[in-house]
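Student: Below: one structure in C-alpha cells.
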C-alpha cells in the first residue's frame, strides 16, 4: 500500500512521489514540505543497496521454496499450498518493487510503468495484490495451525486439498477484483509518472470514494491480517505449551513432536510478519487518519520511522526461505537433497 502515497512532482531534476490527501488535519504547516534533496539522496543510496540484495535473495529463496514444496518430501505437508502461494506473492512484490523507486526511474530516464495506461494500471494491480495476498497467505497458515492444535481431528477436513484451493481461489478473486476496481484512479499524470491517486479533488463524492478505497486497502493489507494473527498466534503457542506438559503416554509425546515441528516453522513466518510489517502498517494508518502526505512530513521522528518501516517491509518479502532453513529440519533435508541432485546432474 506504499504506492498509495507516491509523488508526482519534480524538484531539481529528481522525480519524487506525492499523493493528494484531501482532509489535512495537521494545522502546523511548518512540518510539511517536500522531502529534502539530501534526504532523498540518502534513501536512494539505501535502496540502491537493499533492493538488489533483497530481490536476488528473495526471488532465489522463494523459487527454491516452490520447488521443494512440490517434491515428495512435502507431499503431505498441510500448509504446502499456502507456502507456495506466499512465495509467489512475495516474488511478485519483489519483482515490481524496483520500478517505483526514484533511482531506477532516473537511471532509465523514464517511468517504465507509464509507457501505457494499461501498463500503469496493471503494475499497481499486481503490486498491491501481491502485498495483500502475501498477508492473507500468512493468515491462512495461522488458521491452519490453529485448527491443527485446537481441533486435530477436524483439521484434515477443514483444510483438505479441495477446501484449501477453494479458499485460496476466493481470496485471490476478492483481492484481484478490489485492486482492479481501485485502479480507476490510476493514470499517467502530466509529468509522465504512473500515479495511483488521480481523481477529482473538488468532487466530494470522488473524495469520499477514494478515502473508502484507501481505508479498505489498508484493512485488507494490514489491519485485518494483523488482528487475526494477534489472536491466533498466542492461542497456538499456549496450545503447544499444554501439549508439552501432557506426556503421560508415548503416543502423546510423538503426536506433540509431529505437531510442534511444522508449527515452529510456520510460527516463524507469523512472527516475522508481525514484526516487519507492523511498522509500515502504522505509517499507513497515520497517513490515512491524518490526511498528511507520506513524503512531505519534515519531522525527523516520522521520516526516520517511515524509511526504516519501508526497509523492514522489503525484508519481509525476502526472508522466509531463511526462516524455513533455520526452523525446519525437514526443509533443510529437502534442500540438501535438492542440491545433491543438482550436483549429480552437473557431474553427468
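Just so you know, the numbers here start at 1 and follow the chain as drawn.
Cβ coordinates come from backbone N, Cα and C, glycine included.
No curator has checked TrEMBL annotations; they are predicted automatically.
Per TrEMBL, the feature transmembrane segment maps to 49-69, 81-99, 133-153, 165-184, 218-241, 262-287, 307-326. Feature annotation from TrEMBL assigns domain 'G-protein coupled receptors family 1 profile' to 61-324.
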Student: Do the transmembrane segment (133-153) and the transmembrane segment (49-69) come together with 3 or more C-beta pairs under 8 Å, pairs six or more apart in sequence?
Tutor: no
Student: Using a Cβ-Cβ cut-off of under 8 Å, list the residues of the same chain that are 6+ residues beyond the ends of the transmembrane segment (307-326) and lie near it.
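Tutor: Sequence-distant neighbours of the transmembrane segment (307-326): 2, 43, 46, 50-51, 54-55, 57-62, 64-65, 86-87, 90, 93-94, 97, 134, 265, 268-269, 272-273, 275-277, 279-280, 282-283, 332, 335.
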Student: For the transmembrane segment (81-99), find every same-chain residue at least 6 residues outside the stretch whose CB is under 8 Å from a CB in it, and list them.
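Tutor: The answer is 51, 54-55, 58-59, 62-63, 65-66, 69-70, 105, 111-113, 123, 126-127, 129-131, 133-134, 137-138, 140-141, 144, 161, 164-165, 168, 269, 314, 316-318, 320.
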Student: Six or more residues beyond either end and a Cβ under 8 Å away: which residues meet both conditions relative to the transmembrane segment (165-184)?
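Tutor: For the transmembrane segment (165-184), the far contacts come to 81-82, 85, 121, 124-125, 128-129, 132-133, 136-137, 140, 196, 199, 213, 216-217, 220.
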